[in-house]
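Written out below as structure tokens is the structure these notes cover.
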Amino acid sequence: MDIHFFHSSRETGDSNDISHESTDVKDLIVEKIYEKAESITRKAVRYDRFREDLDKKIDLLLTSRVTGILFMLLLLGVIFWLTLIGANYPSQLLAKVLFGIQGFLESFLMSIGAPEWVNGFLVTGMYRTLAWVVSVMLPPMAIFFPLFTFLEDLGYLPRVAFNLDYFFKRAGAHGKQALTMSMGFGCNAAGVVSCRIINSPRERMIAILTNNFVPCNGRFPTLILLASLFIGGLAPNLGWLLASLTVSGLVVFGILITLLVSKLLSSTLLKGLPSSFILELPPYRPPHIGSIIIRSIYERTLFVLGRAVAVAAPAGGIIWLLAHIKFENQSLLAQAAAFLDPLGRLMGLDGYILMAFIAGLPANEIVLPILLMGYLAQGTMISPDDFTSLKELLVNHGWTTLTAINTMLFSLLHFPCATTLWTIRSETGGARWAVCAAALTTAVALLVCFITASLYRLVMWVIF
Amino acid sequence: MKFYKVRDMDFLMDDNFPRPLVALAGNPNTGKSTIFNALTGLKQHTGNWPGKTVSLARGTFYHRNVKFCVVDLPGTYSLLANSLEEQVARNFILFNRPDVMLVITDATCLERNLNLALQIMEITDRIIVCVNLIDEAAKKGIYVDGDVLSKELGVPVVATAARRGIGLFELKEMIFKVYSGKVKPSPRKVNYGEELEKAIGELVPRLENTFSGRINPRWAALSIISGDYSIEDLEELVKIRDESREESAYGYSFFSQLPGNRGLK
């Protein structure tokens, strides 16, 4: 479809031509339909002791410029707070159970006389990555998704689009981009597909290229875990609050970057004026809790988890191999990490972190397990069912608060996962836009990390 | 019940739906699924998550010894094909031409719901408008006069409160009547104003020839004139549009060539 878009654009000269010319007629048609609907309603509907809709009063509060935005931010914070608090205990329990099974698997393989490398590949590589992904991802998703679905069923999401419309217009983008961005919270590939709701090819492209700046489910667990370990760990009493503030702050930062890059694109590469659209605010409806839980667990949580598991198992195996195939007395993994180390250090990261992000291209979920495997392959063993020992492991490998912050920022901003890139390719009809998306996001990620690292170092240098 | 995963629109083109075919359209949250379930006796859950794959639920029911096949189209606010859901719903009505088109509306906000009904009336004549949630509306002090509505729209109107099973028999009766031709809906279409109607009038005969009744020519004309991108799906339509453009008569920029176009609004 897109190819058509661009053909027609070239014919008329400017990519905006079509949308603007036809919008006039389309608007007229829509207007006439609305007029007719109104006149029919006036004749056929009778209002008796009809009171002002409660919806309108609520909307007055939730969609006004000041209170609307405040409420949105508050809601974001509360959602992450609930997710963080609620997910902590089940996560640890799941990890205990799943990593407990690891022992059985190992002794079983030993008992049937499997060679050590089979044991390593299957259990340390595949099974452990799998167990990690399930125990870290499942609980937050099982809380976050029902909450998100609740808001959706309530009819709140269109209000979010309404609130953000102004900002996106200012950025030269389409107001509906707020909706496609919200979809990105679930999955960026789904977010990119949902950009079809934007008619103008120029604004659609902006929405597609910037969708990755909001963290998807695959990245939330990474952010949540690092935030609770490192930022939450800064103040023991206010840990949860601090951690959820950090995650919310990252999301807001991602949205700011989205707006900034949209503005940049709309004033350089994809020039033009934003087009208008009609956004209907559906009535608020009390959601059915039962169907929310069924739908969010079945359609979203298990779906996303299934995808993650399908990628994590083979990837875990491959990474284990890379960590154990030695070349000139050093594993391939360590060599790659050593090669990336200077660039990583410059940005307040290290070689292993960068390598984990690159190896995590198939799915963002597996970045942390790969990183841990890289660290663990160097010989340090920890009991992985305890998240505080996880922090120790990271700290032993030179992690500071800066490393944690920059890893979170890099995770937030870096190149899209393979699925998303493929989706961009098929949605825009060309690999060049996928390459463009990857280059753009990576450049932003490198730049932001470099800035924070330099600032951090400057502050440290001034203080000490 | 079968779920069709919609990756492209191809599956809509091959006409493998048993007849008589009844399609359900309506805004999200109008109780469309409740009516579907009540008609077919099936339990089904559908999510309204934009971006997720659109699924069409399908079931059957018997009334007066006729086996009707029912398809539940995705809930949409319009048929202007701005989203995948809207495209699926529109293409289904266009290509599968249901024997009875059931438009479910919400009595508590009829005006918004009528927009969709009016748009569907551009594509097909065999429409029944079902005013659902009359119980909720009554609670709020809103009463819909079905006779007036029916007269204004030119199509049969049935009032229901599907959750309580009210009006479902009448609905089945009306479906049967429209199917068997005992009731012939004659929708009173929207008048788009002199200029647009003239353009539509000129395009319609040509489109009639090309599609020989397979696609409603008035709808096709409207889409061409409004420069609807989604008609890129329909190769034949695109061909006609482009031919028309060569004769510099119609096309995307039809109205921009008319002086005073901007004044149309």
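Sequential numbering from 1, following the chain as shown.
Including glycine, each Cβ sits where the backbone N, Cα and C put it.
In TrEMBL this protein carries:
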| type | residues | note |
| --- | --- | --- |
| TRANSMEM | A:66-87 | transmembrane segment |
| TRANSMEM | A:93-118 | transmembrane segment |
| TRANSMEM | A:130-151 | transmembrane segment |
| DOMAIN | A:135-227 | domain 'Nucleoside transporter/FeoB GTPase Gate' |
| TRANSMEM | A:178-198 | transmembrane segment |
| TRANSMEM | A:218-235 | transmembrane segment |
| TRANSMEM | A:241-261 | transmembrane segment |
| DOMAIN | A:249-296 | domain 'Ferrous iron transport protein B C-terminal' |
| TRANSMEM | A:302-323 | transmembrane segment |
| DOMAIN | A:308-429 | domain 'Nucleoside transporter/FeoB GTPase Gate' |
| TRANSMEM | A:352-377 | transmembrane segment |
| TRANSMEM | A:398-424 | transmembrane segment |
| TRANSMEM | A:430-456 | transmembrane segment |
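Taken as a whole, the domain 'Nucleoside transporter/FeoB GTPase Gate' (A:135-227) shows an average pLDDT of 83 in this prediction.
Within the same chain, the transmembrane segment (A:178-198) packs against the transmembrane segment (A:398-424): three or more Cβ pairs sit under 8 Å, each pair at least 6 residues apart. By the count of Cβ pairs under 8 Å, the stretch nearest in packing to the transmembrane segment (A:241-261) among A:66-87, A:93-118, A:130-151, A:302-323, A:398-424 is A:66-87. When Cβ-Cβ distances below 8 Å are used as the criterion, the transmembrane segment (A:398-424) is approached by residues 188-189, 192-193, 208-209, 211-213, 215-216, 218-219, 222-223, 226-227, 229-231, 234, 246, 250, 253-254, 257, 307, 347-350, 353, 357, 360-364, 367, 433-434, 437-438, 441-442, 444-445, 448-449, 452-453, 456 of the same chain, each at least six residues removed from its ends. The transmembrane segment (A:66-87) shares more Cβ pairs under 8 Å with A:130-151 than with any other stretch in the list A:130-151, A:218-235, A:430-456.
Across the domain 'Nucleoside transporter/FeoB GTPase Gate' (A:135-227), DSSP assigns 75 helix, 0 strand, 18 coil.
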